[in-house]
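Dropping a structure here in structure tokens format, bear with me for questions.
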């Protein structure tokens, strides 16, 4: 696990984009993408660049259960607003949050991931150490699954909604086992509220109580953090 400290999120996005360009030069064709505030500067760099992504496939980590793609809080909407509208891909995959059978949808999405090995996976990290929506206690062997979101995650995400009651209580998420199959993982974290999770991920025991700790076992992980998020690493 390589740690890169940056001044701010803007610099972090630039470095992540440089890593992506290197990966594309080596033949990467499938990107694993994340939502939330952490990767926004990275997507801004992609949008500003002259690069064409129309031969690439993207697979997103997760989607809320119960939100249509037109909801401005759906991750499908987020990706279109922040990346896909400006930079079309050959194919974009996200779980269907309105599937009538969410367990069947999880299995369908898992098959999509199996058919498109991820070359470059972007991750954020939750305050409780979750990656994707893999909450503490999730098995490291888990593949795509339906998640009951923890109160801490609902509270953290409520800032994007009118009220905390509007935050969905479930999501469909790529599992930890699937994430670990990615060729390369770039994790972005900014802000003091991520410091505990980053410390546990880097130094803590590998435990399902802190899902991101499993990344210690991956051969090619780069962690991009600002000084606040890295404040407990010294």
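Yeah, the Cβs are placed from backbone N, Cα and C, and that goes for glycine too.
What Swiss-Prot lists as active site, proton acceptor is 62, 130, and the listing cites sequence analysis. Among the features that Swiss-Prot reports, active site, for ring-opening step is placed at 128, 135.
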How many Å lie between the Cα of residue 62 (active site, proton acceptor) and the Cα of residue 130 (active site, proton acceptor)?
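Their Cα atoms are separated by 12 Å.
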Let's check the environment of residue 128 (active site, for ring-opening step): how many other CB atoms sit within 10 Å of its CB?
19
Using a Cβ cut-off under 8 Å and a sequence separation of 6 or more, which residues in the same chain sit near residue 130 (active site, proton acceptor)?
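Set apart from residue 130 (active site, proton acceptor) by at least 6 residues yet with Cβ under 8 Å, we have 136, 138, 150, 153, 211, 212.
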C-alpha of residue 135 (active site, for ring-opening step) to C-alpha of residue 128 (active site, for ring-opening step): distance in Å?
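Residue 135 (active site, for ring-opening step) and residue 128 (active site, for ring-opening step) have their Cα atoms 8 Å apart.
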